[in-house]
């Protein structure tokens with residue numbers, strides 16, 4: 001078999017697609033090898049050339065299975081440890097998740113090869129990024145969405161970082177797809193100009209990476225203490241563990257009450273209903289107010305709404321000027337819930353099947369999409385709980401011109417020592433960069449950190465330690481272009497590219 005016929009072998013292309021897809025995981029934390037994003041997308045574009053739509057879809061499906069099979073297999077940790085099902089079923093569920101997510105690259109390739117079959121710049125650098133933006137949008141929207149492993153996040157430590165505060169992370173992904181297509185064109189048709197343009201797209205943002213779209217308010221620098229309780233997930237919701245959990249958080253907080261204006265506990269740090277803890281919260285609030293310290297804590301709440309009782313994953317503030325009364329006046333209720341973790345679709349059918357569909361606290365209700373900022377010790381904080389921090393448009397929608405900090409609290413203990421918490425942390429850093437605000441990130445077992453407005457890590461605690469992160473944090477002001485306009489400019493570009501590609505293609509036909 002000669003070289004040309006070997007490269008045309010569908011099975012070989014599928015195997016190579018698996019490899020190129022899996023290599024994309026190296027672009028994300030904790031590996032942080034940002035060139036892997038370009039290599040992976042280059043492989044996807046190259047291997048789907050000169051194929052029928054069905055063949056291209058299968059190759060792209062294999063590419064997606066390589067990416068998501070290697071990049072999201074951390075979900076196995078929570079399924080295996082807390083799902084209560086046989087190992088074979090656990091593995092099957094992880095495979096099904098990767099296969100589902102792979103349908104979106106398959107759709108991308110099928111459409112690309114259906115409407116833009118020729119190997120030219122129109123296909124590779126114009127139509128491909130526009131179609132990719134569309135299919136990635138669908139992946140982040142259908143069935144509440146799972147926009148994990150978007151390649152734009154890989155550029156936090158790469159040369160295209162400066163694009164984030166201007167057009168957002170999705171625009172970086174768009175540009176990565178365009179320049180990878182130009183590299184394919186340069187290799188296939190030996191067009192050096194295409195390669196030069198690709199390198200220019202990659203490097204031109206580099207000189208402005210240190211441009212500040214924000215101003216630091218040095219006179220408002222504040223001391224913050226973030227408590228990392230490191231409570232094992234297997235014990236977190238055990239009623240017998242409640243008293244010990246409270247002792248851990250109180251014991252680590254008492255040295256800072258009266259010394260730190262702001263103390264932060266992580267998501268559901270108080271593993272009990274707020275209504276059950278009124279006495280404890282009232283006494284703690286009195287102590288905090290007397291010592292001029294405010295506490296932000298995660299807690300669960302059950303409230304009557306109409307003729308139903310609804311459970312919310314909440315953040316509340318204690319130590320405010322107004323004494324605490326149930327329910328806490330200054331609060332945030334999580335809006336975007338995680339399927340199976342925080343709510344169960346078709347629950348009457350699924351809950352009886354296995355413990356995985358009946359996890360503790362998996363019956364939450366949504367808060368409102370837009371909610372007031374948290375007012376804490378005279379500062380305004382835009383808040384996101386756990387998974388919500390990966391949803392750039394939701395965070396931006398709640399962001400206000402007078403926001404001084406971003407706040408996210410999380411509990412990644414579900415995923416143990418896997419790469420999942422590191423990917424989550426990377427996406428949280430991107431929100432700081434996009435919006436030009438410091439981020440305070442409080443977690444149960446890591447990664448607890450303070451992020452500067454440029455997305456860089458100011459301070460962080462090691463994972464799986466019981467510790468306190470103390471930091472002086474300077475708030476910021478100013479509006480980045482992304483904070484002002486969101487993804488609208490990118491969608492205008494996407495529609496323009498799509499119309500141009502379709503019109504030009506029709507004329508040529």
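Any Cβ shown, glycine's included, is placed from N, Cα and C.
Cβ contacts within 10 Å of residue 267 (active site, proton acceptor), excluding its own Cβ and spanning all protein chains shown: 23. For 267, the entry in Swiss-Prot reads active site, proton acceptor.
Marked as active site by Swiss-Prot on the basis of sequence analysis: 334. Sequence-distant neighbours of residue 334 (active site) (same chain, 6+ residues apart, CB-CB distance under 8 A): 312, 313, 314, 342, 364, 366, 367, 385, 386, 388.
For 386, the entry in Swiss-Prot reads active site, nucleophile, with the evidence type sequence analysis. In three-state terms derived from DSSP, residue 386 (active site, nucleophile) belongs to a helical segment.
According to Swiss-Prot, the domain 'CN hydrolase' annotation covers 227-475.
Feature annotation from Swiss-Prot assigns transmembrane segment to 12-29 (among others); the stated evidence is sequence analysis. Only residues 6 or more beyond the boundaries of the transmembrane segment (12-29), in the same chain, are considered here, and those with a CB under 8 A from a CB of the stretch are 6, 35-37, 39-44, 47, 51, 58-60, 62-71, 149, 151, 153-154, 419, 422-423, 425-426.
Residues annotated as transmembrane segment in Swiss-Prot, with sequence analysis given as evidence: 57-77 (among others). Cβ atoms under 8 Å from those of the transmembrane segment (57-77) belong to residues 10, 13-15, 17-25, 28, 40, 43-44, 47-48, 51, 90-91, 93-95, 97-99, 101-110, 113, 148-149, 414-416, 418-420, 423 of the same chain, restricted to positions at least 6 beyond its ends.
Residues or ranges marked as transmembrane segment by Swiss-Prot on the basis of sequence analysis: 91-111 (among others).
Marked as transmembrane segment by Swiss-Prot: 124-144 (among others).
The transmembrane segment annotation in Swiss-Prot covers 168-188 (among others). Long-range neighbours of the transmembrane segment (168-188) within the same chain, counting only residues 6 or more positions beyond its ends whose Cβ lies under 8 Å from a Cβ of the stretch, are 37-38, 41-42, 44-46, 49, 119-121, 123-126, 128-129, 132-133, 136, 150-153, 155, 160, 194-195, 197-198, 201-202, 392, 430, 434, 482, 486-487, 489-490, 493-494.
Sequence-distant neighbours of the transmembrane segment (192-212) (same chain, 6+ residues past either end, Cβ-Cβ under 8 Å): 38, 121, 125, 159-163, 175, 178-180, 182-183, 185-186, 436, 453-454, 478. According to Swiss-Prot, the feature transmembrane segment maps to 192-212 (among others), an assignment based on sequence analysis.
Look at Swiss-Prot and you will find 485-505 (among others) tagged as transmembrane segment.
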Neighbour tally for residue 386 (active site, nucleophile), based on other Cβ positions within 10 Å of its Cβ: 25
Mean per-residue pLDDT computed across the domain 'CN hydrolase' (227-475): 92
Chain residues in Cβ proximity to the transmembrane segment (91-111) (below 8 Å; excluding those fewer than six residues from its ends, i.e. six or more beyond): 44, 48, 51, 53-54, 56-65, 67-69, 72-73, 75-76, 79, 83, 85, 128, 131-132, 134-136, 138-139, 146, 356
